[in-house]
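Trainee: Please read through the structure below; I'll follow up with questions.
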Amino acid sequence: MEASRKLTGRQRQVLFFFFLLGFCLASAGELKRYSVVEEREGRSFVTNLVNDLGLGQMELSRRGAKVISKGNKLHLQLDRETGDLLLTEKVDREELCGHTEPCLLRFQVLLDNPLEIFQAELEVTDINDHSPAFVDKEILLKISESSLPGTIFPLKNAQDMDVGQNGIDNYHISSNSYFHVLTRKRSDGKKYPELVLDRALDREEEAELKLILTAQDGGSPPRSGTTEVHIEVLDINDNAPQFEQPFYRVQIPEDSPIGFLVVTVSATDKDIGVNGEISYSLFQASDDISKTFSIHPLTGEVRLREQLDFEKTQFYEVNVEARDAGTFSGKCTILTQVIDVNDHAPEIILSAFTNPIPENLPETMVAVFSISDLDSGENSKTSCSIQDDLPFFLKPSGENFYTLLTQNALDRETTAEYNITISVADMGSPILRTQVNITVQVSDINDNAPAFTQTSYTLFVQENNSPALHIGTISATDSDSGSNAHITYSLLPTHDPQLDLSSLISINADNGQLFALRALDYEALKTFEFLVGATDQGSPALSSQALVRMQVLDANDNAPFVLYPLQNASAPFTELLPRAAEPGYLVTKVVAVDRDSGQNAWLSFQLLKATEPGLFTVWAHNGEVRTSRLLSERDAPKHRLLLLVKDNGDPPRSASVTLHVLLVDGFSQPYLPLPEVAHDPTQEEDLLTLYLVIALASVSSLFLLSVLLFVGVRLCRRVRASSLGGCSVPEGHFPGHLVDVSGAGTLSQSYQYEVCLTGNSGTGEFKFLKPILPNFQDHPLGPEMGENSNCRNDWDFGIQLK
């Protein structure tokens, strides 16, 4: 009984499910269609679902209406309040449907409570947004000139992404007198062009045609696309060969050799290719003519096959035929007249010949030869000559013998070889000439020294170069030849005892390449000169020399060095600053130099860190440290400044400077005590050891200083005894023994330093003087260095701070 009840309940559920499914399918069967135009910008209104579905105003919102499209191809948005169905993005019909027409996209409207599904279709209407386009930019057609009018030639059709009336409507071709175009329609509705021949083609009149084929669609306004139709007219054999002239008249001397070119006949055929290929042959020639003459079948050259004899035959009539590859041919006649001439030319017999001949020797014998002629009488008399522009002359040496001699000394470097033509002519009519060409070579002697391409060379090398660096090549040439022109390069000894050239430069003896043996230092050696020799291998050997000037280019390999304040002192450098100082008060000035040159030595200053960031400023170009505001009681009594000195090299180098500034009420106030630093008890033993080392170093330094002062006083007294003056402090503009350090990114004002070296003392005095006002009249840029007239300097002295 229980099982029967369960079975009845299941049957009811199945019936309810089928009832609900049938209801949904019935609702889905009502298919509505809407339409939109493609490529419309912004939001497009499709329909109002409240009116279309017959629902209440708020029923869409209450029943949770949803719009579903397959594959989310349609971006539809439903306003549940108003029932408006909107298309939020523009659609491309060609992208969605391609060439399918109509373009229908289905979507569903889903309602809950109760479940209802409404089927709908959205038709995307096409617009004319694509132009017809041909796949190929050029269509090549080969048409025979024998094609009859009315012949049809199919052409490739164009493609248009649009459909319907926006698709391709017709084809037309540019104006011409041979063709027109028909527009055909296939079974699938697509249209294609056909080219129709209106008039027979003639390749000889026009070998090719270039026409423009245009495809136009039916849109409004219509769009079009073009391609070029290139038509090649194929040739047929419809023209016979024609000679340039029907008769050729020639005269041939009887002594013409076998193979002599009598005449060249030429015929043309308007056809091309195989149809235009012409072959020549003798037409109806007798045995005598066939034995005497021959013709080349391709070039038309008529030549002699055997020697002519005026006494035997004086006239020949030769007929020539020109035939193409078909059945067409043309004919011409060669009228040949044989002329009686002096048919024996003189002969030259060379008896002796010297080759080569040495240069620089006049009247050297070159050749000895004799002349003979088989003719008799006037025809056997001869004359002999050579070119007038050659340094040779002919000297008779007996009956019919001649000697060829040099007229003056020869120069192989001017002319290494002479082509001499010995010409002999008889006295016959016509005159017969015989020529013999001999080539005379001039042998070389070592009479030219090597010559450099330049009298001096200037080479540049970057300092800190790698050893064995190729820095340049010098080149010399020698006008001689052979071993006399083989050049060996070498470095010549230098007269500068301080320049060890062998440790700096080497040269490849074969090709003149110069190499730097070690790294060069611009600060130590900026430029140097040396001589390079070039020697040939002649006997005796000749040589020459050239000056090589080597310029070492500076690299930024030196960091700025701080002259003031000193950073290696045992106690930190401290400046005093009165509390009453005005803004812009000069606290101190950082003085720095750089051993490099140019922009590598341009220095700039920068404040990196300060106890009171806004209290001090540093001028970037002169290193002046100034106050930027008034001091107050709240400012700390002690300030620590960290400055950076940086050059302008690439990459830049820098140095840091630490300044301590104490604020005082007046300069008479003693230094403020520095705050005590808490010491670590474990470091007291190390500190005691450090103090002992410092004390020992101080005592040693004082002793050494005392000895140096004693020696210096003795030497100064000796100098004063031998001269009237001594070391003095100059005034005004820098004299010769002062060094001016100004500009170049270090000091804005000029500072003078006195340099006085006592002779043979081994020590020098370097005094800092007070800055003076700069003298801008004729003020030199860069440091100056000289010697004190009252102090002898036994060394090359330069201020170099590293």
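Glycine is treated like the rest: Cβ placed from N, Cα and C.
Model, not experiment: these values are computed from the prediction.
Quick paste of what TrEMBL says about this protein:
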- 1-28: signal peptide (SIGNAL)
- 76-134: domain 'Cadherin' (DOMAIN)
- 135-243: domain 'Cadherin' (DOMAIN)
- 244-348: domain 'Cadherin' (DOMAIN)
- 349-452: domain 'Cadherin' (DOMAIN)
- 453-562: domain 'Cadherin' (DOMAIN)
- 569-677: domain 'Cadherin' (DOMAIN)
- 688-713: transmembrane segment (TRANSMEM)
Trainee: If we call contact 3 or more Cβ pairs under 8 Å (sequence gap 6 or more), are the domain 'Cadherin' (453-562) and the domain 'Cadherin' (569-677) touching?
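Mentor: Result for the domain 'Cadherin' (453-562) with the domain 'Cadherin' (569-677) is yes.
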Trainee: Take the domain 'Cadherin' (76-134) and count its residues per DSSP category (helix H/G/I, strand E/B, coil), listing them in that order.
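Mentor: Helix, strand, coil within the domain 'Cadherin' (76-134): 5 helix, 26 strand, 28 coil.
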Trainee: Run through the domain 'Cadherin' (244-348) and tell me, per DSSP, how many residues are helix, strand and coil.
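Mentor: Secondary-structure composition of the domain 'Cadherin' (244-348): 10 helix, 46 strand, 49 coil.
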Trainee: Using DSSP, how many residues in the domain 'Cadherin' (569-677) fall into helix, strand and coil?
Mentor: 4 helix, 48 strand, 57 coil
Trainee: Pull the DSSP breakdown for the domain 'Cadherin' (135-243) and write it out as helix, strand, coil residue counts.
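Mentor: Counting residues per DSSP class in the domain 'Cadherin' (135-243), I get 3 helix, 54 strand, 52 coil.
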Trainee: Within the domain 'Cadherin' (453-562), how many residues are helix, strand or coil going by DSSP?
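Mentor: Helix, strand and coil residues of the domain 'Cadherin' (453-562) number 7 helix, 49 strand, 54 coil.
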